[in-house]
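According to Swiss-Prot, the protein has these features:
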BINDING   Tyr119, Gln180, Asn203  NAD(+) binding site
BINDING   Thr226, Gln248, His251, His317, Asp350, Glu404, His409  substrate binding site
BINDING   Gln248, His251, Asp350, His409  Zn(2+) binding site
ACT_SITE  Glu316  active site, proton acceptor
ACT_SITE  His317  active site, proton acceptor
Amino acid sequence: MPMLNAQQFLNQFSLEAPLDESLYPIIRDICQEVKVHGDKALKMYNLTFDHTKTDHLEISHEQIKAAFDTLDEKTKQALQQSYERIKAYQESIKQMNQQLEESVECYEIYHPLESVGIYVPGGKASYPSTVLMTATLAQVAGVENIVVVTPPQPNGVSQEVLAACYITQVNQVFQVGGAQSIAALTYGTETIPKVDKIVGPGNQFVAYAKKYLFGQVGIDQIAGPTEIALIIDDTADLDAIVYDVFAQAEHDELARTYVISEDAQVLKDLESRIAKALPNVDRYDIVSKSIANQHYLIHASNFDEACHVMNTIAPEHASIQTVNPQPYIEKVKYVGALFIGHYSPEVIGDYVAGPSHVLPTNRTARFTNGLSVNDFLTRNTVIHLSKDTFDQIADSAQHIAHVEALYNHQQSILIRQS
């Protein structure tokens, strides 16, 4: 991980396409199989991909409640606190939406989506936080039917995931994962209902299925590997920064970590501490590969250059740990979420800060936003004009219609003026 100056980094900075195009035929075949054969195909794929025989795809409400009831008290309280903070934050956003009406003639009105599917990753780890960071938003929006899909496990779906489903009042939970679960939510099967929108992170198969099926169903985003970029100075706690970097790297060997500073010595000191801590880090195989191939130390010459580098990266997570972080809040524009100060580490945002941890990756923060209650609402523009207002603007409307040679448009106005 050699240190680069800002210009060197920008000259060589590029992101590979987040998806492997060779997966396209596989995804297409899986989706078609689910569309035609429904539950039978899902059970076959559970056996083929997840090595789990599932006689029943749906997990009963009794099982979901039992998972919550038998959960240890400390975990239960942690999940509950996370839920309450997420809910409060999203309710504040929804309240702002209700205050958007500016006139009685033109305004916006919001309606919840009718049904939403949430993908919760499985595999080697359990992710109750994903349930909280997605289903809570749908609940606050007022979505009528919230459906969770998650890969089957030989010992059953994680009790923590089921407990989070109970807390967020998820309607149905199905043990099916991968591209096949996205197809099931898109088309519907004998057991799994068709939904209007699918959200939640997943592997390349999940991401590609969402891309392939978009248009037939709404989606949140096409997620790439996770990433963090930090701007630090000599007041930063470098031991804490080491674990901010490791925390991101342990997600995926393709996870990207960037550290930017105007102080070259700070970067050298951090490099030494990372090298010292790395051999003993948990999840070494994943972290070490990420650090070796996707970790960057970037020396910026001044404040503006540091911000320019950050905006060019447009990371999923940005962290500012400097003596005076406030100026960065306006200058750093293109990030999924901005974490300010020593006591706002990115990891706190993964779990309990309040905003959703489902954020844009792979530079898409330059044109899109993190998941919020708004993603579970439709926004209708209402136009209800008085005769006086119509009379004031009708001539302009009919003239523009005439200029565009849309004479029936023009006549629609003229007939009301007569």
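Note: Cβ is positioned from N, Cα and C throughout, glycine not excepted.
Structural mapping of features recorded in Swiss-Prot.
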| residue | record | DSSP class |
| --- | --- | --- |
| Tyr119 | NAD(+) binding site | strand |
| Gln180 | NAD(+) binding site | helix |
| Asn203 | NAD(+) binding site | coil |
| Thr226 | substrate binding site | coil |
| Gln248 | substrate binding site | helix |
| Glu316 | active site, proton acceptor | coil |
| Asp350 | substrate binding site | helix |
| Glu404 | substrate binding site | coil |
| His409 | substrate binding site | helix |
Can you tell which of Glu316, Asp350, Glu404 has the most other C-beta atoms within 10 Å, given these are the recorded positions?
Glu316
Over all shown protein chains, what is the count of other CB atoms within 10 A of the CB belonging to Asn203 (NAD(+) binding site)?
16
When you measure from the Cβ of His409 (substrate binding site), how many other Cβ atoms are you left with inside 10 Å?
15
Using all protein chains in view, find how many other C-beta atoms are within 10 Å of the C-beta of His251 (substrate binding site).
19
Other than its own, how many Cβ atoms are within 10 Å of the Cβ belonging to Tyr119 (NAD(+) binding site)?
27
Find the shortest Cα-Cα separation between Glu316 (active site, proton acceptor) and the binding-site residues Tyr119, Thr226, Gln248, Glu404, and name the residue that gives it.
Thr226
What is the biggest Cα to Cα gap, in Å, among Thr226, Gln248, His251, His317, Asp350, Glu404, His409, the residues listed as binding substrate?
56
